[in-house]
Amino acid sequence: MNDLEKYMLRKTILELLLKIDQGGYSHLLIDHEIKAKKFSEKDVALLTEIVYGTIQRKLTLDFYLEHFIHTKKKIQPWVWMLLRMSVYQMVYLDKVPDHAVIHEAVEISKQRGHKGVASFVNGVLRNVQRKGLPDISEIKDDAQRLSIETSHPLWLVENWIEMYGYETTKKICIANLQDKPVSIRIQPMRIEMEDALAKLKEEGYRVRRSRIADQGIVIEQGNILKSPLFKNGFVTIQDQSSMLAGIMLDPKPGMTVLDACSAPGGKATHLAELMENSGKIHAHDLHPNKIKEINKRAEQLQLTIIDAKQVDARN
Ligand SMILES: C[S@@+](CC[C@H](N)C(=O)[O-])C[C@H]1O[C@@H](n2cnc3c(N)ncnc32)[C@H](O)[C@@H]1O
């Protein structure tokens, strides 16, 4: 990667993080940028890792930065975001050396701001590098420490501690930070479980049946997006835990079901499968542009009982 490409990649990451911070949908924005800029597979992996990592560790990163910057209010949002994504790389990514992260952050600051911003960014990041990070374990309050350590909102951690106790809450928060394997759901009206497993193995995937959802398959190795089974709508991507919602609802063929917050249609299509594509599913979502995502997924899986419409569930 030459300097211009590296700069373009980091600049794109910064723009993406700013758009997502203003309420944009991360997967749609990332997908759009990847297609528009034609990044290599390696760059796409790095971009995805930095964008999602910076979002996931936001509260931890802000705690680190606030230790070095005491006048956060005066800092422009893009400068703070640039610092956040730079500290993310310095703390969590081994593959990019600190000096390269700092150099690129300074270059972006010069281009987007001016020399003063660049020297501020340089100063903060060099301080992080020289002085090291503040110690989170010194936070006395259990909920506050867990919130910062695992980057979960304080109100949520407090609620969970009240409901499940500290030890279980800690396990939940830590589990949330771990990478989960991708799982898929078979469309049982189009393919049998044994056939799907055999075909995926033939295609070179390492797979196993889900232990918690009858239609679920866990992909232990391989990019499922490239499989003809996925491309042709015999399977769809869905977390195993999300499959439990449909299983618990246990809808029967012929029923009428309302899914009030439906896009992109993971659960609505699952319900249609459980109902053997007989009955009606009203699939609503607030955002008009997301309705086509529900329709697209239903079409791919050859499910016809889903009526997707833009409706605000609050009305
Ligand atoms: C986590 S997603 C739902 C995922 C979906 N159930 C599935 O299984 O694929 C939440 C959705 O709720 C929608 N939403 C948020 N507020 C809403 C509202 N007031 N009325 C309708 N939809 C809403 C969002 O646009 C978003 O698409």
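A Cβ is built for glycine as well, from the same backbone N, Cα and C atoms used for every other residue.
Curation plays no part in TrEMBL annotations; they are all automatic predictions.
Pulled from TrEMBL, these are the features on record:
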- 172-315: domain 'SAM-dependent MTase RsmB/NOP-type' (DOMAIN)
- CYS261, SER262, ALA263, PRO264, GLY265, GLY266, LYS267, ASP285, ASP312: S-adenosyl-L-methionine binding site (BINDING)
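Between the two most distant C-alpha atoms of the annotated S-adenosyl-L-methionine binders (CYS261, SER262, ALA263, PRO264, GLY265, GLY266, LYS267, ASP285, ASP312) there are 19 Å. If you take every residue in the domain 'SAM-dependent MTase RsmB/NOP-type' (172-315) and average the pLDDT, you get 96. Taking the binding-site residues CYS261, ALA263 in turn and counting surrounding C-beta atoms within 10 angstroms, the largest count is reached at ALA263. Ranked by how many other Cβ atoms sit within 10 Å of their Cβ, the binding-site residues GLY265, LYS267, ASP312 place ASP312 at the bottom.
Residues in the domain 'SAM-dependent MTase RsmB/NOP-type' (172-315) partition by DSSP class (helix H, G, I; strand E, B; coil) as 55 helix, 33 strand, 56 coil.
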